Amino acid sequence: MASFPDSVNENDLGKAKFIGELLVPVAPFDQKSGREAWTVAFAPNGSYFAWSQGHRIVRLIPWTKCLNSFSVDHGEEDTNALSPRHLSRQSSNGGQVVPAADQPPEHTIDCGDIVWGLAFGSSVPEKHSRCVNIEWHRFKFGQDQLLLATGLNNGRIKIWDVYTGKLLLNLMDHTDVVRDLTFAPDGSLMLVSASRDKTLRVWDLKDDGNMVKVLRGHQNWVYCSSFSPDSSILCSVGAGKSVFLWNMDKFTLIRKLEGHHHDVVSCEFSPDGALLATASYDTRVIVWDHHKATILLELGHLFPPPSPIFAGGANDRWVRSVSFCPDGRHIASVTDDRLVRFWSIEERAPLAIASVSNGLCCAFSAQGSVLAAGTRDGSVHFWECPRSIASLQHMCRMALRRVMSTQQVEALAIPALLCDYLTYKVI
């Protein structure tokens, strides 16, 4: 079995440029279990990076500081401001590291239990709470508000103020691990939690964290969920072969996408909302046209690909995570074969690869120039995304697809070739 098809020479693939890492201090008594970085996240405005470094701890670091350190001091661990020794430094004021006068503060947050899910949320004042009967709210979230939601092993969700590191809300309703969290990107502070209790729960933080709805349909653990860019559709995946799509205006199930042969563990929409990428233990990433429930592209990680009966079992190519680059043209995947792959939506072989031991999760920075990957030892590694200039055609396609579904594009009086391009049938 090979990681690449016969037509691809691994030595000819590009090597993604490694730019830095965040390491965790290791005490002699540390056990391997409990140190995992199950999730990494970038703030939507690019101001902060957060990751769960194991043992209940979440670190919040200004992203600009990370970039400056990587570009100036990469490879000089003793002088690197983000070396393991620096990361373990704490002051007496609740674990907060005192920043320079012109820098936002760093925070080390003890969440009280193992952290599985992380998500940043920012507020838009014009987006009001869906609870129209209540005029008074405990929290008045302003335009500069930035929140961090943490999903815990005990089923609780804790909401933190990123700028102060203070706990704002403690949401309690799940009965098992909160595996993943995602905020609606429209600034409404609508939060969705995915749990091992087989449910998704919708929370309205502008209504003081009141729960709006419970979404039921998964027969097993729910691993991941993701909003479409316009916040109208939610995708959820879990311990099963189906991909669930939900209408978030009516909180109803739209459809299930069938095509995977093993548990589906990660999902993310493209920036224009036209495509959906899902990652599975069946060794594949599938890129869907979710409007029509069709498969546009399969990105394989094992060759020859396993038959359905073997894809449903254990193998060393489980895809752990998938992330769509903000440029709409690249996808990253993390797999158990100790590789990170960077893909183009126009190719069936990776553009570039990088080595990572025991990778668990990945996420692109807000601008898409950097990929972060968390590992089982609580550390995070960073690479530059392959760079290329997007064509004017692609930018126009993304602009159009932000506001039009596949069916609406197909109804246009345009040539068939142009229609195929706009609906991504030619990727």
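Cβ from N, Cα, C; glycine included.
Remember, predicted model here, so these are calculated numbers, not experimental data.
Residues annotated as domain 'SOCS box' in TrEMBL: 386-427. Per TrEMBL, the feature region 'Disordered' maps to 79-99. Feature annotation from TrEMBL assigns repeat 'WD' to 141-170, 171-213, 215-256, 257-289, 319-353.
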Leading contact stretch, 141-170, 171-213, 215-256, 257-289 vs the repeat 'WD' (319-353) - CB distance under 8 Å: 257-289
The repeat 'WD' (319-353), counted residue by residue under DSSP: helix, strand, coil: 0 helix, 20 strand, 15 coil
Residues of the repeat 'WD' (215-256) by DSSP state, where helix covers H, G and I: 0 helix, 25 strand, 17 coil
